[in-house]
There are 2 protein chains.
Amino acid sequence: MDEFSRISYWTKEGQAKSLLEATGVKLAIGDDAAIVSGAVRQDEGCSYEMLYTVDTMVEDIHFNTQTMQLDHIGYKALASNLSDIAAMGGIALHALIAISVPGHYTEEHIKQIYHGIYQCANQYEVAIVGGDTTASPHSLVLTITVIGQVEAGTALRRSGAKPGDLIVTTGIAGRSAAGLHLLLHPEFEPQLAAKHVQSLKQAHQMPQPQLDQGRLLRSLGGCHALNDVSDGLASEAVEIAEASGVAFVLDEQLLPVSEGLSQYGSCTKQSLLDWMLYGGEDYILLGTIDPQCYEQVKEQFAQRHMQIYAIGKVEPGKGEVWLERMDSRMAHKQRERIYKRGYNHFT
Amino acid sequence: MDEFSRISYWTKEGQAKSLLEATGVKLAIGDDAAIVSGAVRQDEGCSYEMLYTVDTMVEDIHFNTQTMQLDHIGYKALASNLSDIAAMGGIALHALIAISVPGHYTEEHIKQIYHGIYQCANQYEVAIVGGDTTASPHSLVLTITVIGQVEAGTALRRSGAKPGDLIVTTGIAGRSAAGLHLLLHPEFEPQLAAKHVQSLKQAHQMPQPQLDQGRLLRSLGGCHALNDVSDGLASEAVEIAEASGVAFVLDEQLLPVSEGLSQYGSCTKQSLLDWMLYGGEDYILLGTIDPQCYEQVKEQFAQRHMQIYAIGKVEPGKGEVWLERMDSRMAHKQRERIYKRGYNHFT
């Protein structure tokens, strides 16, 4: 069973519709964040909905202390949650920190984790409002809940993609996976310009959630569906395509590559495409846009020095994701079906 | 360092006051729940504040599967969070479930945990709106976030106790610790009436958060401070006394005992007082009340078949907690100072 089948098996028991309505639930399980009526900040003439999201990072599953400093662990745990709010087009407001700490961590170690959390929180203007600290028999477990809000009825869900839409990303996928590869293989460092070394490592250790990009896509209109890339382009594409009941056709030649990523792929002889499609943890946004709106969106992004790339198009379908690639022997494009698949970062 | 010193060490770095104000934070770290301006449910003529709380239960630290069925683990994890909302006088609305699962747990095992969570959620009319599921290399870790709301400015904090107040509890402390002792020592079962066996076990496995009691204390007025008893009466009393800058004087003879608890104490020759003061996980409420309001509060509790007991009084002080006990040799009461102390449930 994949993640969605398992969650639906566990939660099949469910709750009465009347209870969900009475508590103002608009969208429960199945998107980047839950949507609930209500608001923290009230503005004249604008009504809001609340967004809730929670994510856990577990030592030796999601990270280890060989490739991540303790402050990176704190920073990234919050950043990945903020990215879920970005993927709804929302404003992040508050965070709660639950941390379970093995006995060999000192007070100073935990302070460093908190330092990273505060660094990210202050950068993105999110208030840390509470938490819980417990012991853990073995591994560090860090669970962060983020609460935000979005203008009522305008959250960018997974389920709105339409045939004819352009598929867009707001950044370059694969840099986090390349950065991790570099952290695990320092012998390649001398072959890469120092600025690329730093930039790839930072993509893995301190990813930047794209809250501004999410807000802009929401406010400009024409964006029909949005996810953040936590599990790789393939997985996120499948999630949107399935939730929307459409097919995604990604064009390999349109997938953006940075100079650093390209150089690092060459010197390590690793597959760039594997990092892009399956690496994950890039926390860029992947979505679909009405093609009539795209030029204006692109211009608005450019004015703010933000990136946006059209990387394919939406067709009628039932959740399929295709990758269009040039076949060198046949001199025309062929379609390969791609799937969600796990990516084990430490093997 | 105790929990509070450690949290203050980790979070000393903190955040700008302007950020906390801009995000509507009324009370961050240091009570049962954070308080933030805003509301999910809006009623005419009433303004609300949001309450957020998070708690983690870790296998082999807070529970093990010898004394807790999987559905009990789910039920109790949510119940302990709802209890934090009860301790603020609030209404619980939504919960998010983050669960990290070791490889030896099957899909069916996780479904049982969710069954317990849903059982508690449906009983207390709380909507499960989202979550995250990850692998865990060793132990099950279950983190639940609960979001609620309370009428603005009326949340029952720890810091409001006043000299002259009566100290009250809304139930009998020590039953959860006795229930755990019984689960670990089934050889005592035959010595206890079946109804007491069941009731003590249930106090440990499926504690009932006192949301109705918290709401009633809030609405009747006169309740100056409130905590839930998650860490034992001693620890909660110290927290309120310290936060309020007063001294607590508990009267041993006023501490309520149930028939089952009393019988079980006798047949095991265990100290009832230890269970009451240090056992914890009872999830009853401990607070202080203006003595002029107490009779009316008592009557309102009685009308609803709820329990409330006056167990001591508040004096001027600086966070001290005293236990007044009859000295059998001297035929008068003496005061012993009591402290927070850890209670290891499994040794």
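Even glycines carry a Cβ here, placed using N, Cα and C.
Residues annotated as domain 'PurM-like N-terminal' in TrEMBL: B:30-150.
For B:ASP32 (Mg(2+) 4 binding site), other Cβ atoms within 10 Å of its Cβ number 28. Per TrEMBL, Mg(2+) 4 binding site is recorded for B:ASP32, B:THR53, B:ASP84.
If you draw a 10 Å sphere around the CB of B:ASP84 (Mg(2+) 4 binding site), it holds 28 other CB atoms from the protein chains shown. If you look up TrEMBL, you'll see B:ASP32, B:ASP84, B:ASP228 marked as Mg(2+) 3 binding site.
Among the features that TrEMBL reports, Mg(2+) 1 binding site is placed at B:ASP55, B:ASP132. Secondary structure from DSSP puts B:ASP55 (Mg(2+) 1 binding site) in a beta strand.
Marked as Mg(2+) 2 binding site by TrEMBL: B:ASP55, B:ASP84. Under DSSP, B:ASP84 (Mg(2+) 4 binding site) is assigned to a helix (H, G or I) in the three-state scheme.
Within 10 Å of the C-beta of B:HIS62 (substrate binding site) there are 22 other C-beta atoms, taking all protein chains into account. Per TrEMBL, the feature substrate binding site maps to B:HIS62, B:GLU281, B:TYR343.
The ATP binding site annotation in TrEMBL covers B:TYR114, B:GLY131, B:ASP132, B:ARG158, B:SER230. If you take the C-beta of B:SER230 (ATP binding site) and look for same-chain residues 6 or more apart in sequence within under 8 angstroms, you find B:SER80, B:SER83, B:GLU236, B:GLY280, B:GLU281, B:TYR283.
Averaged across the domain 'PurM-like C-terminal' (B:162-320), pLDDT in this predicted model comes to 96. The domain 'PurM-like C-terminal' annotation in TrEMBL covers B:162-320.
What TrEMBL records for B:ASP231 is Mg(2+) 5 binding site. Mapped onto three states, the DSSP output places B:ASP231 (Mg(2+) 5 binding site) in coil. The number of other Cβ atoms within 10 Å of the Cβ belonging to B:ASP231 (Mg(2+) 5 binding site), over all protein chains shown, comes to 21.
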What binding-site residues in the list B:ASP32, B:THR53, B:HIS62, B:ASP84, B:TYR114 lie within 10 angstroms of B:ASP228 (Mg(2+) 3 binding site), counting C-alpha atoms? B:ASP32, B:ASP84
Structural state of B:ASP132 (Mg(2+) 1 binding site), classified by DSSP into three states: strand
Provide, as an integer number of angstrom, the distance between the C-alpha atoms of B:ASP32 (Mg(2+) 4 binding site) and B:ARG158 (ATP binding site). 8
Measure from each Cβ of the binding-site residues B:ASP55, B:ASP84, B:TYR114, B:GLY131, B:ASP132, B:ASP228 to the Cβ atoms of chain A, and list in sequence order the residues where some distance is under 8 Å, or 'none'. B:ASP55, B:TYR114, B:GLY131, B:ASP132
Excluding B:ASP32, B:ASP84, B:ASP228 themselves, which residues in that chain have a Cβ inside 8 Å of the centre of the Cβ atoms defining the Mg(2+) 3 site? B:ASP31, B:ALA33, B:THR53, B:SER83, B:ILE85, B:ALA86, B:ALA87, B:MET88, B:ASN227, B:SER230
Could you give me three numbers for the domain 'PurM-like N-terminal' (B:30-150), the DSSP helix, strand and coil residue counts? 34 helix, 50 strand, 37 coil
Return only the integer: C-alpha distance in Å from B:ASP132 (Mg(2+) 1 binding site) to B:TYR114 (ATP binding site). 13
